[in-house]
């Protein structure tokens, strides 16, 4: 029954809240769709946290997404022990990189008086949920190897069954607790999406990638010069 | 914001609570009697009067053991074993340290099974069927390729390497979600190994292989591979993957540092230098 609630009901609740809450927030407070960057308050530490975190998590999420959307391709890609080992090692390295970035972000948020002054309870809750997600992901990748491959046969059919509105939890029920925590927490993050700065995921200024250079010009002489 | 979002969350929870989804199809289909349950859940590892397979022959088990104990053990063998129960511990040792999986049976199913076992009807072992007609001999090198995923299973099953290790698999070994299978051929013995490969009854594997069983040839190849591997020493190595990942992390950090040093490049660098000249207070930020 608990498994049914967590893996057949909760994902829909989380998705409904994410979409409904996201649309509601966008219609009421459009300009709050932002990462609320604190880069101006402190940039040196942020660089190490933000760069490691964002590059790491985007690539890791991309791997999860490619395996989910193109299971046949992913299966063929891993159909060789050498390629499997290379992808697992790369994934684990990226996972550690992501964790390092997240820990820096968390410590900076707590240790920097300026960043702490603008932090909210939801920021800390989100950081804690992300930390749990990355930590359990790394734990599962290391202790229950090879996740890149069994993900295809256990998590992907379950996610497909959710997408088809016919949840089938038999793949998930016998799995170890830490894998279940990783799965539930992923949907918890979806739930947190509309009520935290995580909304900035859908406000990515993608045009950064191809727009021309912008030159910022200081038109005020700095004091003392 | 939270206060305004909350009503939407409550509505979503309410919608989900009345959703029409109930239990898996497998759960609903398991309303059969004790015999059907025995065939579906127990026969891959047990016989009644047909000799031992992965687990003991269950002929006469209801007179050998107390019914209350059997109920507890069949309902949750993992918990009984973990509780230090001496009978469960002895069986675990006697049957090659292969623990009986928790099959998730409810009380009605356990009662039906015990009634069936008490009735004393005998069943031949599932593994006996292929044994009667000589099993395919099997090619160990083909078995290894199937194990490692280099050749895919004809009916679409997951390659064993996803969850299992066998000593000698290069370069970083097999998976660790399931047990190490290096010595499975000697641990299980021929009959039990054949039965296990034919039915793959283990809780995590059943959903995967239920609709994608191994073909008789694949079973033979894997059996031959396991026989060949069995003299090797089981040793799952975590160190190599940790070292590889550690080296990867170091490379990523160095790359970040190297690219980060140049991030105030070209036009902006000159502007920053000019703006901060003379110790001005405003330092440009990134």
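A Cβ is built for glycine as well, from the same backbone N, Cα and C atoms used for every other residue.
All annotation found in TrEMBL is predicted automatically rather than curated by experts.
Here the structure is a predicted model, which means the values were calculated and not measured.
Some features that TrEMBL has for this protein:
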BINDING   A:54, A:64, A:182, A:200  heme b binding site
DOMAIN    A:4-218  domain 'NarG-like'
TRANSMEM  A:6-24  transmembrane segment
TRANSMEM  A:45-70  transmembrane segment
TRANSMEM  A:82-107  transmembrane segment
TRANSMEM  A:119-142  transmembrane segment
TRANSMEM  A:148-165  transmembrane segment
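Positions of TrEMBL features highlighted on the structure.
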{"residue": "A:54", "record": "heme b binding site", "Cβ within 10 Å": "14"}
{"residue": "A:64", "record": "heme b binding site", "Cβ within 10 Å": "18"}
{"residue": "A:182", "record": "heme b binding site", "Cβ within 10 Å": "23"}
{"residue": "A:200", "record": "heme b binding site", "Cβ within 10 Å": "15"}
* Residue numbers, six or more beyond the limits of the transmembrane segment (A:148-165), whose CB comes under 8 Å of its CB atoms -> 7-8, 11-12, 63-64, 67-68, 71, 74-75, 78, 84, 87-88, 91, 171-172, 175, 183
